[in-house]
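Peer 1: Feature annotation from Swiss-Prot assigns domain 'PTS EIIB type-1' to 1-89; the stated evidence is sequence analysis. Per Swiss-Prot, the feature active site, phosphocysteine intermediate maps to Cys29; the stated evidence is sequence analysis. The transmembrane segment annotation in Swiss-Prot covers 124-144, 158-178, 181-201, 218-238, 261-281, 302-322, 335-355, 369-389, 394-414, 441-461, and the record cites sequence analysis as its basis. The topological domain 'Periplasmic' annotation in Swiss-Prot covers 145-157, 202-217, 282-301, 356-368, 415-440.
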Amino acid sequence: MAKEISSELLNTILTRVGGPGNIASCGNCMTRLRLGVHDSSLVDPDIKTLEGVKGVILTSDQVQVVFGPGKAHRAAKAMSELLGEAPVQDAAEIAAQNKRQLKARQTSGVQQFLAKFATIFTPLIPGFIAAGLLLGIATLIATVMHVTADAQGTLPDALNFMKVFSKGLFTFLVILVGYNAAQAFGGTGVNGAIIAALFLLGYNPTATTGYYAGFHDFFGLPIDPRGNIIGVLIAAWACARIEGMVRRFMPDDLDMLLTSLITLLITATLAYLIIMPLGGWLFEGMSWLFMHLNSNPLGCAVLAGLFLIAVVFGVHQGFIPVYLALMDSQGFNSLFPILSMAGAGQVGAALALYWRAQPHSALRSQVRGAIIPGLLGVGEPLIYGVTLPRMKPFVTACLGGAAGGLFIGLIAWWGLPMGLNSAFGPSGLVALPLMTSAQGILPAMAVYAGGILVAWVSGFIFTTLFGCRNVNLD
């Protein structure tokens, strides 16, 4: 497929989702064009057969067309331009369609709630990856070249320069999350950013670091700005809801002047009195749960084995707040490499299918087109083009991923926990330089590479033995 998404393909997709009048929204994540639809019954599921489309996921009110990284963004931009030129559906007809779809939407409320995380965090993922790669490369060079923290010279300065982006990102991350979360929940982004900043400020007048808020208690009550991302998400949701209620009663002439003012005062009061303590408890509970799962080999196997299923249902973005909580509590994201084993198991399954397929079969062609992205951590082409349509290989791929997760869990249990140096990043082989541990970057890279190898081999063996029987290998 060409670098640019062809207008013919996009027009065909637009026709098969019911035309421009059936489109409620248009956006994208890292690999998928996401089209919100008014009436899902008008969508033709055979979109997945179009050349250049790597898969399709249908929900009650959304069509997700898998293009792959980079292409999804270009597809969304081009589709938005097409929709801008298209005639708009009558408002009464849209309202009628929305009413017909209400019941179906209610049945998938949990999935839609988790999909909010994609809206909040997907715009941040390129920054996570870039900052994490720079930090990983700098750490690897410093380890190999024996550059100490207090070293002087051109090389240490260059390494510190490469590390500064990660420090900047994670220092002010809550403000970015607050902005995106407030928008995702239907509010004004800047209000969410301001409320999030309250979690970043310091409330200890004797502290020598941080940004002092100017007061150390809230009308005599102690302030405990814990919870970080968890608290910020709750506060941003509350901010958006309060803004909506205030706006309903605010005269139009005073809306710009008073709506945000009242919203901030009410939300900040709730944040200091309720949300900060609540967020802290939830943060500690979530960190405790996943830290214990990560240190339990069987728990790691279960997490890695089920992650492909989470990707299929589109709820894998719900793990991102957990990643951020682990970064705060451990200093690295120990869950991400475990879940990455799911993609490695799928690579092994695809290689087994390639080995068992006929020399000139369509299956071999499909595997050749999807295996390189799979090795580099982009799993959707393999999921929707190779393993999931044949089901048994999908199950054996999950088992291969579970074996890789079990390996990483065993190593952590024996005393070498490791993880990603960022809240989010690429998986597959690209993630190798992003691994870190208390023992250094090289042991962490070795553990991750070992896990990938175990998942590849296990996925290959499971699929060869159990995943090719009564399966279409043409």
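Cβ coordinates come from backbone N, Cα and C, glycine included.
Can you walk me through where each of these features ends up in the structure?
Peer 2: Across the residues of the domain 'PTS EIIB type-1' (1-89), the predicted structure has a mean pLDDT of 80.
Counting every protein chain shown, the number of other Cβ atoms lying within 10 Å of the Cβ of Cys29 (active site, phosphocysteine intermediate) is 22.
For the transmembrane segment (158-178), the list of distant contacts is 120-121, 124, 127-128, 130-132, 134-135, 137-139, 141-142, 147, 192-197, 199-200, 228-229, 232-233, 235-236, 324, 327, 421-423: same-chain residues at least six beyond its ends, Cβ to Cβ under 8 Å.
Beyond the ends of the transmembrane segment (181-201), by six or more residues, the same chain brings 116, 119-120, 172, 174-175, 210-213, 225, 227-228, 231-233, 235-237, 239-241, 243-244, 260, 263-264, 267-268, 271-272, 276 to within a C-beta distance below 8 angstroms of the stretch.
Residues 223, 225 of the same chain sit 6 or more residues outside the topological domain 'Periplasmic' (202-217) yet have a Cβ under 8 Å from a Cβ within it.
Packing against the topological domain 'Periplasmic' (282-301) from elsewhere in the chain are residues 226-231, 321-322, 325-326, 328-330, 334-335, 338, 402-403, 405-406, 408-410, 412-413, 417: each is 6 or more residues past its ends and has a CB under 8 Å from a CB in it.
Outside the transmembrane segment (302-322) by six or more residues, the chain places 29, 57, 59, 64, 110-111, 114-115, 117-118, 120-122, 229-230, 233, 286, 290, 293, 335, 338-339, 341-343, 345-346, 379-380, 383, 388, 394, 397-399, 401-402, 404-406, 408, 423-424, 455 with a CB less than 8 A from a CB of the stretch.
Residues 290, 294, 300, 303-305, 307-308, 311, 316, 319, 322-323, 326, 363-364, 367-368, 370-371, 374-375, 377, 379, 382-383, 386-387, 390, 393-394, 396-405, 407-409, 418-420, 424-425, 427-428, 431, 435, 448, 451-452, 454-464, 467-468, 473 of the same chain, all 6+ positions outside the transmembrane segment (335-355), place their C-beta atoms under 8 angstroms from a C-beta of that stretch.
Under DSSP, residues within the topological domain 'Periplasmic' (415-440) fall into helix, strand and coil as 7 helix, 6 strand, 13 coil.
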Peer 1: For the topological domain 'Periplasmic' (356-368), DSSP counts of helix, strand and coil?
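Peer 2: Its residues fall into 8 helix, 0 strand, 5 coil.
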Peer 1: What are the DSSP helix, strand and coil residue counts for the topological domain 'Periplasmic' (145-157)?
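Peer 2: So the counts come to 5 helix, 0 strand, 8 coil.
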Peer 1: What are the helix, strand and coil residue counts for the topological domain 'Periplasmic' (202-217) according to DSSP?
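Peer 2: Across the topological domain 'Periplasmic' (202-217), DSSP assigns the residues as follows: 0 helix, 3 strand, 13 coil.
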Peer 1: So how many of the residues in the topological domain 'Periplasmic' (282-301) end up helix, strand or coil by DSSP?
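Peer 2: Result for the topological domain 'Periplasmic' (282-301), in helix, strand, coil order: 18 helix, 0 strand, 2 coil.
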